[in-house]
């Protein structure tokens, strides 16, 4: 099989105005950025409003291994698969972060014959949206430190400052830093640090705003610190929100691309799954929902996290109602959930995991069953997509089908990486069937519930916990958020994505445990409260052999080493 | 008079393909980035090679006040002025840094009726080139710290590390920082800091490279540290240069825009004048040189610095030969050079400076005479452009004409800010005449001269110093650079731009002084050695009232507050 980059380069791509036309988007709404990407004006939301509404499908997964189970490739493949069965689909995916691309991944535009093309654009800068997020975020940081330096008229408590800085790079040495050294002309010494840009609240804001004015308002609401009386200090108070919005006025427009089979692809925003909602943008979906028969959108991590946040955070912001949810499952992930094997990021699978063993697959079924229940808890019909790998045995894939069917859930094997849309045609058929079932979509909890109770509901109903244990700090923070008027926000629980529990080593569907909440933070601009349950890394590091070492240009100026 | 942003918005712009066609650039060489900017493929350099070569004019100035004397507006206005006298001109300017735009300036796309449009694009991200520079720079920094963290196989001396990090923001608190805090998993504690992106060596590299392969080679040559034996450690040694080049492969393509009078404008790169050569890119000029009758390119600071570096660094890299040099002079700057007034950035001129006084202008003439001599020292014909302000008196402008004429130099008053190209028509006429004089262009010194002697030549011949005083550190560094094979590089002297001397308070053309060289640094990738003569700030701070506080979107989504 050719490499990802070879497949991407050999694809025949349509002019983007034709791709847009397929979605009903006129040329006047399209701004080209290079030859293979275009930004879509937000006027498209209103102009397309009278077109028929697409079926809305979210792609999530069972609890993944550290290798990932192929949600992005399945999203791309499913979009292409609909084309093969005569339907028009639009896909919506997140923009990958350059940090991991040059760190461990080497790229994230899909893979094999299910890719968004050209993959160099997706993986490198795209239209600069992530950089605009960094700029806006760091302008606010500079204005905050400048405020302290110029006499601190707002009486900010320096020890309450939660606003760090961001860069789109894997750089562990920036996690904890001291700034403002060198004497009085150079600022006020303070301990702080950098997160990766995807972890910026500005990214979450951009992904959840439904218009430019809404973006402006959300930016103004960002809380960066508290004054000495405990009153929140916002980006608006620092007079930074207007300039931040100006820096983001192009970034809020979704990026239109296409898959290698010419399926329209919206690539927009990438909020970090660890501490934010991990979904692509609301505006992309508001455009895509009128762009075809099906809109396939991706949610990060397992269904307990990505899909739960999709339902309770993103759909709350967009007002859109999903029709079905795909749960991506793999033979290797179900085997891993048997608890018999240890899968490590960046290393090949253990040999014994490759031997034929449908029993191991069945031994890991509890996780898949739980994730199916998690989708149903929101009134949505699940579909299991079995993402086939060359090393899978037929009996193992059939075991997953059997597990799904025993839960009354449709399932299909999909070989979109090896075969493109043709390989996902059966999956598209069963997703289409699922979409015809009545949707009874509802949120998991009311806005009016206490924050503590919202966390408890998610922990019990999604994760299978017996309850939550708040630290003294967490309790104090929750009280403060309730008192400051943030109590009506939804919650975005920051826990490991490698287990339904808060302990990444516990596989399957653990029971008899409680969710420990160490502290709670607030993304008031984005519009959620995020309890921290475990060590959440917000700035990755590089390995001994970063992917960057093998990325280069060749003699003809072509990029090599991306995947 | 309407505001800059109103003038910019009311301009009638041509389709960029038509602007490109005016330069002989076919549509296949153009990649649109939004509706009003396009990148030009570097293939244009070869494809245009058979077209006639334009007259090549560099715009510099006398030693400026802290307010600046209007080099950018004059460059734009002169380009437009050539249109008014029936010639086709192309202008090449630097991309402004967003740090100062949101700090003190509020924008830098020209001004009044001499602007590159739309000014929002010039001032905000443009096509993301500066962000690509930041990304490439910071990837190298992360790979360097990662190398130390992973056992330091190259045996790098941590105290020799000169590679900092960069961001395009005014943020004094990042000047001096400690990174790698928090314990062993989070890196190795080290004192370092951030510079503004314009000050990155990567920016200087991008501006001096003449092709993608040349960019790749220069990046590889960047020296970031020394090992314990004093051997330079490069970006190539760290295996970072390939990935950096991949991140910059779009950024190396010049950005095509137009002035409000539809003159083609190349906006590309912006290396910091303080420590780098402060000129727009070589590739932009290599394209522009075949794009019309005249190519007008801008060099930062006064002629002793910007033009000297243009001649001895940029022309060395490009192989191009200039035909004439414009020296922008203003009544206020000549009055300031009388030494009788103090001009402060961000504050209005002292009232007494506005009273009619041709004598004050004459009292400041030494500076203009010296800058004229500086241009002539390179065998080039100078022209004095008197950039008119509404507060100028006729007798004062005439005084500048008289000074120029007494030196045998052509001069013209230009009112391009108030009147656009029409106001610069007379200037265009005299520049055209100057271009017809024989050019005897030559560098100021040979490559083979010792580095110390190169500094001495520039100090004596350009600045009027009696010689140079090397600190012990500087001498040691120069020896090390000679020994490491960097002796053939040109020098880029980092001194204040507010005086011909190294003391910003000394006006006119100071004599009887020596240039103190505190230390010497090397930009081996960019290809110059830069002696530090004074306090060179590489990261600006914000004022008490940053421009950002007044930049916002209005109800219709339009940007307000840029200028």
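Glycine residues also receive a Cβ, built from the backbone N, Cα and C atoms like all the rest.
Quick caveat, the model's predicted, so the values are computed rather than measured.
Taken from TrEMBL, the feature ATP binding site applies to B:65, B:66, B:67, B:68, B:69, B:70, B:71, B:72. Secondary structure at residue B:68 (ATP binding site), as computed by DSSP, is coil.
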Residue among binding-site residues B:66, B:70 with least C-beta crowding, 10 angstrom cut-off: B:66
Residue B:71 (ATP binding site): tally of other CB atoms within 10 A of its CB: 25
Proximal but sequence-remote residues of the same chain as residue B:69 (ATP binding site) (Cβ under 8 Å, at least 6 apart): B:61, B:62, B:328, B:329, B:330, B:332, B:333, B:387
Packing count at residue B:68 (ATP binding site) (other Cβ atoms within 10 Å of its Cβ): 19
Cβ-centroid neighbourhood (8 Å) of the ATP site, B:65, B:66, B:67, B:68, B:69, B:70, B:71, B:72 excluded: B:61, B:64, B:328, B:330, B:333
